[in-house]
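Asks: Features from Swiss-Prot:
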| type | residues | note |
| --- | --- | --- |
| BINDING | Asp42, His246, His248, Asn282 | Mg(2+) binding site |
| DOMAIN | 33-307 | domain 'Pyruvate carboxyltransferase' |
| REGION | 439-557 | region 'Regulatory domain' |
Amino acid sequence: MTMLKDPSKKYRAFPTIDLPDRTWPSKTITQAPIWCSSDLRDGNQSLIEPMDSEKKLRFWKTLVQVGVKEIEASFPSASQTDFDFVRTLIEDGHIPDDTTIQVLTQAREDLIARTFESLRGAKKAIVHLYNATCPSFRRIVFNQDKQGVKDIAVNAAKLFVKYAAQQPDTHWTFQYSPETFSATELEFAKEVCDAVIEVWNPTPEHKIILNLPATVEVATPNVYADQIEWFCRNINRRDSVIISLHTHNDRGTGIAATELGLMAGADRAEGCLFGNGERTGNVDLVTLALNLYTQGIDPQLDFSDIDGVRKVVEECNQLPVHPRHPYVGDLVHTAFSGSHQDAIRKGFAKQQEGELWEVPYLPIDPADIGRSYEAVIRVNSQSGKGGITYLLEQEYGISLPRRMQIEFSQVVQGETDRLGLEMTAEQIYKLLQKEYLQANAPYALVSHRLQEENGSSHVQVEVSGEGETTLHWHGKGNGALEALVAGLPVNVEIMDYNEHAIGAGTNAKAAAYIELRVAGGRPVHGVGIDENITTASFKALFSALNRSLSQQQAKAA
């Protein structure tokens, strides 16, 4: 079978919502929602190999450490393992006073009774009821009309009241999800939820949660936002209801749907860390939280050690986080492109502590989430001088002059093309050594002697020449470099000179950079590093001289 030329024969567009006076497009998110993690329930049930109790407890502790205050821990009536895990959390004291355990149940009395039994002894708990409400489920899965679906929800809601009353020492919060809400007629979704509200009789002081899932993502995020705004406007006793979102990512817009849903009036967001969940996954709570953070809003979740969180999630889920995953992927703070690297390097150079973050291409400071800057710029065949310069500066304290950046980037480019691989900072430094610091032929500086007399500099140098000959050159000038140039056997013109310290204190070294021309040829650069600045400058001159002469010989050959 192939894709249809006319997909309208098989698929139909989801109808738009008639909401001409919608207000959500002009709203902004100004505070974090109530967060609920479903990693241990929705996320766990979607794994090829569900977590064992040890992994579940490790994941639970990570969620608590991050700051998630409502955690859906299991489906206690589904298995003894899930039931026992809830008991472990309660009996062994793993639920902090500021954290609420949430569990899920279907709408059958035996399952509801088992669910409430699993929570015996909990200080507080959210019990989550659901049944599907959309036309396709009513028709295909349950063979129920609207009244039948509504009756299922109402009868189960009454059972919640019954079983909660048997454990009066627990502070109960009831939650209802019209599963497949986003594919359900809005009027009917409201009708069912209003009926549940009447049974549970919430107040502004003791609210219930209405969770409105995009169980399967069926439309663009703006449609979901319209549904949420319509629902918030029309549901009964809105002041006694927490509106919760539970989006999936079937169309790739779960994040956007949740953000627009919050703009449309929702109070709460359910999801999983890094977007695990059925099919294409639940909405990613990490991305949602850090999207808020980068807009200057406290997300009320702490991802200061995001790689530590990722490690736990990957090991428990046995699923890798994609290298391009927002904020946490291995490559998301990495630039290979030359123009990107140059902009980032300049941004870091100008960024001051305490100022608004404005480094190009980096929407978040990697340090805020526990990332180092080492992987921000990496060098491959697409890289330019900015990335190379940044790595040398950060790792080795070497600040190449601008024109030398251009020259050396061509050397690196040739090497990456030859290797067909990325180059590390160490490899780049070794290439710098080979190309410049070890450029000792045809002339190698052995020693030098400098005397100052009557404002003039006198230089004597011992040089190892070709064929292991020893040469002695003498020169005089207004400074050490000018004196050395005067003593050279070839005509040399210094075009540019730069120097700086590497490190500080007794271990500091000097780096010198020279750009020169030999006999009117093209400019060539040299580098010298030494504890003594004069020696470093002499080494830089010999580096450039030898490179120029070697290039001339190669061209002549």
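Keep in mind that glycine also has a Cβ here, set from the backbone N, Cα and C atoms.
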Asks: On the three-state reduction of DSSP, what should I expect for Asp42 (Mg(2+) binding site)?
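Replies: For Asp42 (Mg(2+) binding site) - judged by DSSP and reduced to three states - the answer is helix.
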Asks: Counting across all protein chains shown, how many other Cβ atoms sit within 10 Å of the Cβ of Asp42 (Mg(2+) binding site)?
Replies: 23
Asks: Have a look around Asn282 (Mg(2+) binding site) and count the other CB atoms within 10 A of its CB, chains all included.
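Replies: I get 30 for this one.
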Asks: Is it possible to get the count of other C-beta atoms within 10 angstroms of the C-beta of His246 (Mg(2+) binding site)?
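Replies: His246 (Mg(2+) binding site) is surrounded by 27 other Cβ atoms within 10 Å.
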Asks: Write out, in the order they occur in the sequence, the residues of the chain not among Asp42, His246, His248, Asn282 that have a C-beta within 8 Å of the mean position of the C-beta atoms of the recorded Mg(2+) site.
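Replies: These residues sit around the Mg(2+) site: Ser38, Pro213, Thr215, Thr247, Gly254, Glu270, Gly271, Cys272, Gly277, Glu278, Gly281, Val283.
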Asks: Please report the three-state DSSP label of Asn282 (Mg(2+) binding site).
Replies: strand
Asks: Please count the residues of the region 'Regulatory domain' (439-557) that DSSP assigns to helix (H, G, I), strand (E, B) and coil.
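Replies: So the region 'Regulatory domain' (439-557) is made up of 37 helix, 55 strand, 27 coil.
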Asks: Can you count the other CB atoms that lie within 10 A of the CB of His248 (Mg(2+) binding site)?
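Replies: Its Cβ has 24 other Cβ atoms within 10 Å.
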Asks: Tell me, roughly as an integer, the mean pLDDT over the region 'Regulatory domain' (439-557).
Replies: 93
